[in-house]
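As annotated by TrEMBL, domain 'Amine oxidase' applies to A:23-453. Feature annotation from TrEMBL assigns FAD binding site to A:24, A:43, A:44, A:242, A:430. Summarising the annotation, TrEMBL assigns substrate binding site to A:347.
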């Protein structure tokens, strides 16, 4: 668990430079290093992990960012196994509180207590999403026959068309904030369907058991990047943001906060909104420019509080909340296993996040604990400790959880998402075919980008002196 | 017409630094200088004007970017008068060709030749836009009672709901590309209504006589920034991009490509997608971050060709085209007055622009001239000269014509559009209350930002030693 040491400053040329030591960049670097490639990872922050970060609070380890893993997320599960990081089921018992459409109710069983009409609306709407999503080609939402039509509509418009009651609409609006960390107005229907497609349903996107929130990592998700970094000692340069990429026929020169370095290939493994800030010469192709400009980050603050015990469990409460009021769109019982303190965690996302961030710290705390109290009972207003992680104010993330394409992005420029630009390859969870935005997507993207680079280098090495463009490359002219 | 000289390099502190020597930045600098303020404008390019640029082609002056002025655009008209730049009516006679919904027809009179049903659809839909727009508060589309609802829908969805025939839909889809340089999928209905509100109608947005394309500037629009720069000699630093703004309680330190400079106040007068690339410390407020991430540039290439004469006029053709096929969404007779060559000009925008840019130069030329031929006759395929200006590939613009908010931006963070962040003020045509994206909006925004800064400096000078925040400021804490 020692922080990775800084690589020697005399590295003038490497085979592969990776921009960003988040999970995706580290996975790519590990894969490249395992094939004997000479690789260096440049990281702006003074830590690895990107949107994954363990924090010590009230004597226990919590996670400031991504933390869940669920069924179907096989790549991150395999990685965790390889790294010796176990998982455990997140606490998921009792009845979640539903606070939507001006009503508050306790869920019992899989269906929300909406009355038969509203429940039918929700079920039929979800079924429409599942059936429509099944027609999409996996990993390439822009390739379906109706892609442009589905991409031309916001999720807000879809909600208004498919749902009529205030409560059912509230369920989907709140769900959108929880899953996408953005407002339904800001998300294209095609993007929602992309998620339903890879999650193989609507429920898995919001569910604990059987869903994306099913399990957690023993010792915190931060152990994944930390262990990857331990295996890459000497190959990671912390506190060294990459500012500029200059590409020639046979190499890329990186300018960082500390100097320059050249590489045969580069993997950019930062969110699109950050990749958009790199100075790249020659200028990136117009479609790539558009793609990077049109994947703005969502809005997310993660709030957590600790209590002597998870007292709500004794009251038969789940500690879970789904809300379209906010500030927390969702609250979870985030207590680690063992006899330590009880923990509640909330996602403050979308519109409520920006409102929340205009409050002073005392009011933010009171507002968040209000959500917790509605999930777990009034005692939740008196925590032992309370912490916030504002990803929107972090200059090396600039939003959270991830990039969210608005309407008309996927169908116009989605096809260049994973296309290298000359010697520049693209990783990061926002380039995944499945589990876009999730830990699993970060792993998939890192592995894929590493494989592209290995292929490129293998071909080039086999033909020394040749200036061979990568088969899939959109080489700037 | 001499290029402005570079300011002395020993300028360590100025009262006001302006980022960007486009029309908006220059107007702001001129206004500040006229009140005796010490001002320096930093410009990344080696020329002033930003998205305005005269170019010499075939012995005459053409414009690579913005060129039109119309009724209601009083600020730029007054500026032109002050600078001694006259205007003349753009050529607007004959019947435009309409190439939409799979049909080609010649317009005669104000109504497209769609048949009575289609014409009625178009008129009723336009009337809906006008009536709905009238309910919006001027300059603040996010403040209307239905703002969130109107902002939650794409213009594409609106077109599908309000228009049923292929031809009427094609008219609005092509019109969207011409006005917004983006696909209807990418534009929120609220943003369209914002334009209809300040243009006082739908027709003025697309019309020559009586509309936004009514008049042009004698000698080219490039004379406006050039004359402004002549009056600011010694105050403009070309080829010096601003990279970083560090704000303290009493000043802002700018880091440029050449060094540093401190200022009492800064006016950022570059498009939002470029402002998003500045390193600003302390970090910008989250709402501002979101705003800058959610105003991506449209997609625009301007193509022009010259001919011995405007031969099409003799054939009774207007040289005008509105098309949903492309590559040109619109073609205009762009011939300057006098006996020089005839000129055709086309806007290649939206989806066709990105497709166009994947072609090699010969195919691009042939495709553009194909649009010209359909507007002006087959002889248009044989020009004397042909030029393209690709604003999407220009690293100091990164798209064109201007920023285009997707759904859910205005209603969520629009209210911070013009709010200073401490000592950083915001100009650029995308911050205008009226004529967002047009020359007039650039002038309005520059004047407004300059006035804010004058007010700030006046208040601060009146209370020496005080660290007085601007009344409207969202000072980072």
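The backbone N, Cα and C atoms fix where each Cβ goes, and this holds for glycine too.
Averaged over the domain 'Amine oxidase' (A:23-453), the predicted model has a pLDDT of 95. Secondary structure at residue A:242 (FAD binding site), taken from DSSP and collapsed to helix, strand or coil, is strand.
A C-beta separation below 8 Å, combined with a sequence spacing of at least six in one chain, links residue A:430 (FAD binding site) to A:271, A:272, A:295, A:402, A:403, A:436, A:437, A:441, A:445. Cα to Cα, residue A:44 (FAD binding site) and residue A:347 (substrate binding site) are separated by 25 Å. Applying an 8 A CB threshold to same-chain residues 6+ apart, the list for residue A:24 (FAD binding site) reads A:50, A:269, A:427, A:428, A:429, A:442, A:443, A:445, A:446, A:449. For the recorded site, residue A:347 (substrate binding site), the DSSP three-state label reads strand. You'll find the Cα of residue A:43 (FAD binding site) roughly 26 Å from the Cα of residue A:347 (substrate binding site). Reduced to three states, the DSSP call for residue A:24 (FAD binding site) is helix. On a Cα basis, residue A:242 (FAD binding site) lies 30 Å away from the residue listed as 'substrate binding site'. Counting every protein chain shown, the Cβ of residue A:43 (FAD binding site) has 28 other Cβ atoms within 10 Å. A coil conformation is recorded for residue A:43 (FAD binding site) in the three-state DSSP classification, outside any helix or strand. When Cβ atoms from all protein chains are considered, those within 10 Å of residue A:44 (FAD binding site) total 21, not counting its own. Within its own chain, residue A:242 (FAD binding site) has A:17, A:19, A:42, A:44, A:254, A:255, A:256, A:278 as residues 6 or more apart in sequence whose C-beta sits under 8 angstroms from its own.
Mapped onto three states, the DSSP output places residue A:430 (FAD binding site) in helix. Counted within 10 Å of its Cβ, the other Cβ atoms near the residue listed as 'substrate binding site' come to 25, all protein chains included. Largest Cα to Cα distance within the recorded FAD binders A:24, A:43, A:44, A:242, A:430: about 19 Å as a whole number.
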